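A short worksheet on the structure shown next.
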Amino acid sequence: MRTPIIAGNWKMNMNPEQTAEFVKAVKNDLPETTEVESVIAAPAVDLPALLENAKGSNLKVAAENCYFEDDGAFTGETSPKVLKEMGVDYVVIGHSERRGYFHETDEDINKKAHAIFKNGLLPIICCGESLETREANKAKDWVEGQVTAALKGLTGEQVSSLVIAYEPIWAIGTGKTASADQAEDICAVVRKTVAKLYDETVADKVRIQYGGSVKPANVKELMAKKNIDGGLVGGASLVPESYLQLVNFNK
Ligand SMILES: O=C[C@H](O)COP(=O)(O)O
């Protein structure tokens, strides 16, 4: 009953010309949005090209980040209000690269989640542990803590509609995928955390993605798991053929 959601996260890898070419190459072979939601998260500078070329297709558009204020003196930031005006659907927040390189805190991520909802967008909230945390057997507590902090003050209705992406940091861009069982294990913790904070109905509705070296070769096995409703895909989302195999994983 949860619609699978496969989102490419391009990170800082494409320009507007490449964006336009990519969308032209995939737009006619995407599944119906009721069957699988196909999303691309692109850098802010590529969003106009992505939106323009995706018009009338089944491709949904995400920003890779935004600020938690709508406007003001915040040099270099991206307004969630303007993202909405442009026609963006989702905003990725709390990616481990933003937490690590740009020092984003749980509190920032929570403020962003509120700002995203205020503007009628939907967040894809990332969480995930480092190798050190996993080896110390603390991955479950860590992820539960991140999810709890990110959702603070959101309503059950809001949480039912958002997406949580579990991305173990040690599996990102390393070629080391968490095994389907390891991924399922923590995605189940994410759902249990939502049930504990809200209730079973909200937990049944929230969609949970796994991210970390997802590719056409492992997407089916991951998507077969009970608590995995999608993927947040970096490297393998940059090539049209590979992206199409990912979003059409069930064919
Ligand atoms: O947001 C996507 C993740 O960071 C995964 O990246 P990757 O598929 O290149 O490992």
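Each Cβ is built from the backbone N, Cα and C atoms, and glycine gets one as well.
Record check, TrEMBL: substrate site residues include Asn9, Trp10, Lys11, Gly173, Gly234, Gly235, and the candidate from Ser160, Ser161, Ser213 also listed there is Ser213. Least packed by the Cβ count within 10 Å, out of the recorded positions Trp10, His95, Ser213, Gly235, is Gly235. For the pair Asn9 (substrate binding site) and Glu167 (active site, proton acceptor), the C-alpha distance works out to 12 angstrom. Checking the recorded positions Asn9, Trp10, Lys11, Glu167, Gly173, Gly235 for a CB within less than 6 Å of any atom of ligand 1 leaves Asn9, Glu167, Gly173, Gly235, listed in sequence order.
With all protein chains in the displayed structure included, the most crowded Cβ environment within 10 Å among the binding-site residues Gly173, Gly234 is that of Gly234. Cα-Cα distance from Lys11 (substrate binding site) to His95 (active site, electrophile): 10 Å (rounded to the nearest whole number). Those same-chain residues not listed among Asn9, Trp10, Lys11, Gly173, Ser213, Gly234, Gly235 yet with C-beta within 8 angstroms of the centroid of the substrate site C-beta atoms are Asn13, Ile172, Val233, Ala236, Ser237, Leu238.
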